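Shown next, in structure tokens, is the structure this report addresses.
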């Protein structure tokens, strides 16, 4: 379809593509410190994309998504360290375990709606964390470090391993981004966008709200599990408190998506970038950094419920990542 | 029989809004439902469309009991409805609003849905607005869009909830024209309206709702001439 593109949209897409290219050449350009931060950024981006899909489109406002990150971490440890399966396969299996455990979690959580669902997801996440703390083979309550052979399988020296983990995180983030984009462009996706805008109205034109919510819940679980496995490779250990961290894997993620813009693909990306920029500059201020994030997210909700991306989007002719469908041009 | 409602009741707490209501609709007819505010008109639609569960009674569509089905299943079985207060998908384009309905309501692929959406928009005279964001439409166009979404699901039963409300006389005539053009011989329209004159022009049958039940039904002129109807309803309208 040929349409004159507005210069702002072209500029925005250029920034997006430049960012992707930068990520693709990062190992040859940046030092290990930056690579490590970028790995963490990519993992957080996956979590943000998934929370946005659930809360922004399917109206499943979960505060328990750290459960699947932790499950991924523990499953990865089990496969890689205990069963001694090669790390790449162990990562994939961790994603599958997260998907499998999403089924019983969904059976509990989906009996509830809205506020009760949010609390339900939290309770289920706590439950998984408590169970993890009881597994003595996984270090019980204090956790355990990844054994050296697992690390060696990724690379002989730490520097190589940093790069390998970065690539894994990049592949995961790219897969999460592009597959979620394709999902939103599909016939399911147009139903999700309708749900985002008016849930009862979407149901009235035939969008199966229950099935759409279930699909999104099951869609996010393996990605969260894979992210948990990769986060474990970066942190080099598992423990109930750190692997199931509600602050790192849910609260920050909610801040990021809310600040960046809920219910769009660009919003979570923008919010996660902003989070890391703020963290790099403000981490010296300790707790103030968190209070600023909290204040910022409240301010954004009050000014524009669709976040910073909502503010920018008003000045653009269309989305940077096009999810829209057009009729015959007149 | 396309729609058969039998012994339908719905209470909100101790308030009985619909009480033992029975109604049937045949293909090809336009049933107008009038009644004073609070007579239960919108509640009746919400019960038929599946937004509210009834406290008692059954609803059948083409002979099939749909009383326990959720709204999206009823939609796919052939119930298209508009809301009194339009519910556009505000951040999506007019075209996408209708496309959602075409794709999900009539179980079509994106490609088939696209064609259906284009046809419905052309029929309703909304094609020129299709690229606009739905949230930016005027009231008449929002009502047109509501109608387009309901028609895009390929309904056998079209439920119109005060779609002419708030519109001028020529605008009403426009909407009536769209419904006339859209109606096929196997499709029935049930049209709730507060303004009697609009319905008198298009309804083949009229039912008067009062205190949660059907007070009178039949040919429009006969129903409007009914003395009980004039007492409870038209008297207040100052006919």
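Every residue gets a Cβ built from N, Cα and C, even glycine.
Here the structure is a predicted model, which means the values were calculated and not measured.
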Between A:123-148, A:253-278, which stretch does TrEMBL give the note transmembrane segment? A:253-278
Compare A:12-30, A:36-55, A:67-85, A:164-184, A:253-278 by their Cβ pairs under 8 Å to the transmembrane segment (A:215-233) and return the stretch that comes out on top. A:67-85
What residues in the same chain, six or more past the boundaries of the transmembrane segment (A:36-55), come closer than 8 Å to it by Cβ-Cβ distance? 23, 26, 30, 61-62, 65, 69, 162, 165-166, 169-170, 172-173, 176-177, 180, 183, 192, 216-217, 219-220, 223-224, 226-227, 230-231, 234, 249-250, 252-254, 256-257, 260, 262-265, 267-269, 271-273, 275-276, 280
